[in-house]
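A.B. asks: Below are the structure tokens for one structure; questions will follow.
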Amino acid sequence: MPKRKDIQKVLVIGSGPIVIGQAAEFDYSGTQAALSLKEEGYYVILVNSNPATIMTDAEIADKVYIEPLSIDFIERILRKERPDAILPTLGGQTGLNMAKNLSEAGILDELRIELLGTKLSAIEEAEDREEFKALMERLNEPIPESVIATTVEEAVDFADTHGYPVIVRPAYTLGGTGGGIAATHQELVDISANGLELSPVTQVLIERSIAGYKEIEFEVMRDAHDNALVVASMENFDPVGVHTGDSIVTAPVQTLSDREVQMMRDAALKIIRALKIEGGVNIQMALDPQSYKYYIIEVNPRVSRSSALASKATGYPIAKMAAKIAVGLTLDEIINPVTGTTKAEFEPALDYVVFKIPRWPFDKFATADRRLGTQMKATGEVMAIGRNMEEAMLKAVRSLEIGVTGLNDLTFDELSDEALLSALMPARDDRLFMIADLLRRGVSIETIHAKTQIDEFFLDKVSHVVEIERDLSTHVGDIEYLLYAKKNGFADATIAGLWGQTAAEVRKQRHDANVLPVYKMVDTVAAEFESQTPYFYATYERENESVRSKKPSVIVLGSGPIRIGQGVEFDYATVHAVKAIQRAGYEAIIMNSNPETVSTDFSISDKLYFEPLTLEDVLNVIDLEQPLGVVVQFGGQTAINLAQPLEENGVNILGTTVDDLNRAEDREAFDQVIKTLALPQPVGKTATTVDGALNAAQAIGYPVLIRPSYVLGGRAMEIVSSDDELQDYMQRAVKVSNDHPVLIDSYLVGQEAEVDVLSDGETAVIPGIMEHIERAGVHSGDSMSVYPPQYLSQKVQDEMTAAAINLAKAMNTIGLMNVQFVIHDNTAYVIEVNPRASRTVPFISKVTHLPLAQLATRVMLGEKLVDMGFETGLIPADDMVHVKAPIFSFTKLPDVDSLLGPEMKSTGEVMGSDTTLPKALYKAFVASNIKVPQYGNVLFTVADADKAEAINLAKRFNNLGFALFATSGTGAHFAEQNLPVDILDKIAESDNNSVAALRSQRLQVVINTTQADDRAESDGRLIRNAAIENAVPLFTALDTVSAFLDVLESRSFTVNEMK
């Protein structure tokens, strides 16, 4: 069937900010879809609230709107643009829920706008628990015994009848939000109450637990002619009970018989046909390991995290195909872009193994509960490809960037065999390392299987890795064992550890013995047809399929898995660097390990190496490709950390030299630059011992800001106010040494601001100054940023501009640099310099219309800014105001304290733009899912230091008609100032307390700045958690409250008595 001619304009809805459960995979799928529709000649309008995406670049669609994904704003865009159709299935759960809401509001019918790809009835049948259950019963497909509950009592009745444990699955939520496994009555009451609160339709499915069954996923495609195929089958290493986003996953399935695969494949095809979905679907199933009995767990009627993984695992671009199918093309009409010859109706075939491991944020959040369940906690994931499972598994392990190169780098010596075996359940993020340690101790595969229900096939693969470790340690220097270990994925560093050598020595032995990797192509057809894809992975075999181009090449290092502090912003910069390299006439090569991102779409670069970002793996590619140079500035700390070892191996690092990169990170060298330029800077010292740190802090005077050197996202950064707090920090957060000093600075109270600088060593251009709303002490990644500045004096802006330009020149910056300031007593103090692309690059690029990463890459390749039409200085701003706001995922991590501080906690960002600051702020709050009430009750519970400032804010709320509530200390202070206030008791004292008020929906806003306290049961912490659980706007910084009040005041009319 040819593509539809009756539609011309299509609106694509993006997925919004990155949160746990919905990450960069939707930037990848949305970008693919928009480009795919443009390729077919359609006029594409794109709306998304996330500025850190490739998807929101001007060239991706004909019109791009960075606006809140709310009904109000989408309706405005629909009325203005009048598209013929909406494609909602590529924007994750956000896109689907928006389509449903627009339809129910009657907007689609009124404007005669059609939904493409998936009809609303199919969305409802898959997402509404009751309709899904009815459909499965009609199809005679088995689902676990269950009941749809709209009250806690209904949930409890089911469990009392069918027994515990039960699984709670809320309807229309993301990443298992609000769900869980309840083993007791009280757990069920708590989980179901929370799930009902978070479900937009107040509905949860309570089902008999089938935890322990094998979890299998199928990615399925269907077109309007009812042609359907399975793109990929994937098997979870973890049995049912761990959210698939937190599961280790292999592709293709590893432990099923052909009969089992065909049985479940048939069921998947039957379901997509029954739903009449035109596009892609993810179907999750559970298989009883003891029989041929299976259950359908869930159907996602959209492109998902798993489909991004399946696309990268097979090379089959699901989102691109789904977009073409949505406009009427059929699978037998679409060419498979990987082969360039076969049609899209051919099911991909794999002659390799893919291994995905999630990346969790527990290195950032020491207090978080590391146990895994049905609610997702991972921020990102890595994928690795190998010729056998051991190879793929070990490549994935070293891709995680958690300081390990193999399974023997993380051991649990402090635990007995019994304690370690017991710690395996419930599953934790480090279970793979626990299993290896148990096997090393001689605990049997059968014992571990009985405890975890992980298939013995997978456990045997881990056991094989442990056996190879043992063999290596008794055959030091043996090349035969070395080759066998390399074929099974062992890193040089792991082998070096077992041989008592350095990784460089092992590398030399390997090269001397000609034990070198070859590169195989990912071609979707298991080499059955000729292929033209430039997508490769390393393995230790004979035939190399990657041929070095005659054209000079440049390698760009990606940023690895998405984690807090290093998000999709760096992938954005990586993709732009590739475009600039290609336009300059070079071959652009990407190395990355993240299956969710645009950079690992093989059509972006001239060559893609899906490999770990370690020194060994990068050098192997460099040995083959012999590039002109390597770009490290866009890969976050991952790539920057490789700069020096790469240079030591003779690699040409493009842009700022390694010596100058190190000068920015080395405290004494950097201080020297600051002194030479006579720039104001907070008093700071370096310490390499605990006593040295105490002496430094006492000399500077408390409070001090303390942090390790070489970090990203403020990891292990704190403000401490006494010797006791400092000693606690030194024991808990860092291992201090000569090689790893800590930096101690005077903590200056003041507003923060920052600039990105583009420099070629002679000309330094500042695209804009970003002013933070929160004062110093809140990490810049967690602050709201405003461009252009609204409150900074001209004197301060001039000081910042001059300081940044002088720093760029003094540091010999070639490319990008980020400079952060604190404004104290109307003077700009330099607090940090990052000699690389920062997380603000996408935002400042969008609002100034300057492709900074591309310009920086051109500079690295030798172009001069003067020749591009730039001169040194600050570029003037236009009349619009833009706000970048952080997004947090605290609902997924209830054990993490939401009080903001110098350690970064946000997972994503949104942008609000308008003609005035209050309007831009309003959009930013709406895009952040912060309700902006017109009136209601506001709770104040603030630290002593904040009480005077809180009075003014409370008066402003009171003038708007809000009723004031407070905890006892804050309330007494308000009463002294004659403010009308209702005082709530301490939580332990009575039911008239803040948490109860939040649970009963009596409070509309919570302002809580009571200091962090490691006790999870402290009142401040419990109030913060209750606000998050009940979706009540929570503010932990008074500056943000003031900005929120600016919005409320701008939207309200004054009512005054006549004088």
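Glycine residues also receive a Cβ, built from the backbone N, Cα and C atoms like all the rest.
So Swiss-Prot lists these for the protein:
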REGION    1-401  region 'Carboxyphosphate synthetic domain'
BINDING   Arg129, Arg169, Gly175, Gly176, Arg208, Ile210, Glu215, Gly241, Val242, His243, Gln284, Glu298  ATP 1 binding site
DOMAIN    133-327  domain 'ATP-grasp 1'
BINDING   Gln284, Glu298  Mg(2+) 1 binding site
BINDING   Gln284, Glu298  Mn(2+) 1 binding site
BINDING   Glu298, Asn300  Mg(2+) 2 binding site
BINDING   Glu298, Asn300  Mn(2+) 2 binding site
REGION    402-546  region 'Oligomerization domain'
REGION    547-929  region 'Carbamoyl phosphate synthetic domain'
DOMAIN    671-861  domain 'ATP-grasp 2'
BINDING   Arg707, Ser746, Leu748, Glu752, Gly777, Val778, His779, Ser780, Gln820, Glu832  ATP 2 binding site
BINDING   Gln820, Glu832  Mg(2+) 3 binding site
BINDING   Gln820, Glu832  Mn(2+) 3 binding site
BINDING   Glu832, Asn834  Mn(2+) 4 binding site
BINDING   Glu832, Asn834  Mg(2+) 4 binding site
REGION    930-1059  region 'Allosteric domain'
DOMAIN    930-1059  domain 'MGS-like'
A.B. asks: Determine, from DSSP, whether Arg129 (ATP 1 binding site) sits in helix, strand or coil.
C.D. replies: helix
A.B. asks: What does the structure give for the C-alpha distance between Gln820 (ATP 2 binding site) and Glu215 (ATP 1 binding site)? Integer Å is fine.
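C.D. replies: Gln820 (ATP 2 binding site) to Glu215 (ATP 1 binding site), Cα-Cα distance: 47 Å.
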A.B. asks: Please work out the helix, strand and coil residue numbers for the domain 'MGS-like' (930-1059) from the DSSP assignment.
C.D. replies: 55 helix, 21 strand, 54 coil
A.B. asks: Between Asn300 (Mg(2+) 2 binding site) and Arg129 (ATP 1 binding site), find the distance joining the two CA atoms and give it rounded to the nearest Å.
C.D. replies: 12
A.B. asks: So among Arg129, Arg208, Glu215, Val242, all listed as binding-site residues, which is physically nearest to His779 (ATP 2 binding site)? Use the C-alpha atoms.
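C.D. replies: Spatially nearest to His779 (ATP 2 binding site) by Cα position is Val242.
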A.B. asks: Just name the winner among Val242, Leu748 (the binding-site residues) by count of other CB atoms within 10 A of its CB.
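C.D. replies: When each Cβ's neighbours within 10 Å are tallied, Val242 leads.
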A.B. asks: Return only the integer: C-alpha distance in Å from Glu832 (Mg(2+) 3 binding site) to Arg707 (ATP 2 binding site).
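C.D. replies: Glu832 (Mg(2+) 3 binding site) to Arg707 (ATP 2 binding site), Cα-Cα distance: 12 Å.
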A.B. asks: Using Cα coordinates, what distance in whole Å links Arg208 (ATP 1 binding site) and Glu298 (Mg(2+) 1 binding site)?
C.D. replies: 14
A.B. asks: If I restrict to non-local contacts, at least six residues apart, and a C-beta distance under 8 angstroms, what lies near Gln284 (ATP 1 binding site) in its own chain?
C.D. replies: Glu215, Ile216, Glu217, Thr244, Ile296, Ile297, Glu298, Val299, Asn300
A.B. asks: Give me the CA-CA distance between Arg129 (ATP 1 binding site) and Leu748 (ATP 2 binding site), in Å, as a whole number.
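C.D. replies: On Cα coordinates alone, these residues lie 53 Å apart.
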A.B. asks: If you count the other Cβ atoms within 10 Å of each Cβ, which of the binding-site residues Glu215, Glu298, Glu832 comes out on top?
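C.D. replies: Of the binding-site residues Glu215, Glu298, Glu832, the most buried by Cβ count within 10 Å is Glu215.
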A.B. asks: As a quick check of your reading of DSSP, tell me how many residues in the region 'Oligomerization domain' (402-546) are helical, how many are strand and how many are coil.
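C.D. replies: Computed counts for the region 'Oligomerization domain' (402-546) are 70 helix, 11 strand, 64 coil.
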A.B. asks: Which of the listed binding-site residues (Arg129, Arg208, His779) has the least company, meaning the fewest other Cβ atoms within 10 Å of its Cβ?
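C.D. replies: Least crowded of the binding-site residues Arg129, Arg208, His779, by Cβ count within 10 Å, is Arg208.
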A.B. asks: Using Cα coordinates, what distance in whole Å links Asn834 (Mn(2+) 4 binding site) and Val242 (ATP 1 binding site)?
C.D. replies: 38
A.B. asks: Distance check, please: Cα of Gly777 (ATP 2 binding site) against Cα of Val242 (ATP 1 binding site), rounded to an integer number of angstrom.
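C.D. replies: Cα to Cα, Gly777 (ATP 2 binding site) and Val242 (ATP 1 binding site) are separated by 36 Å.
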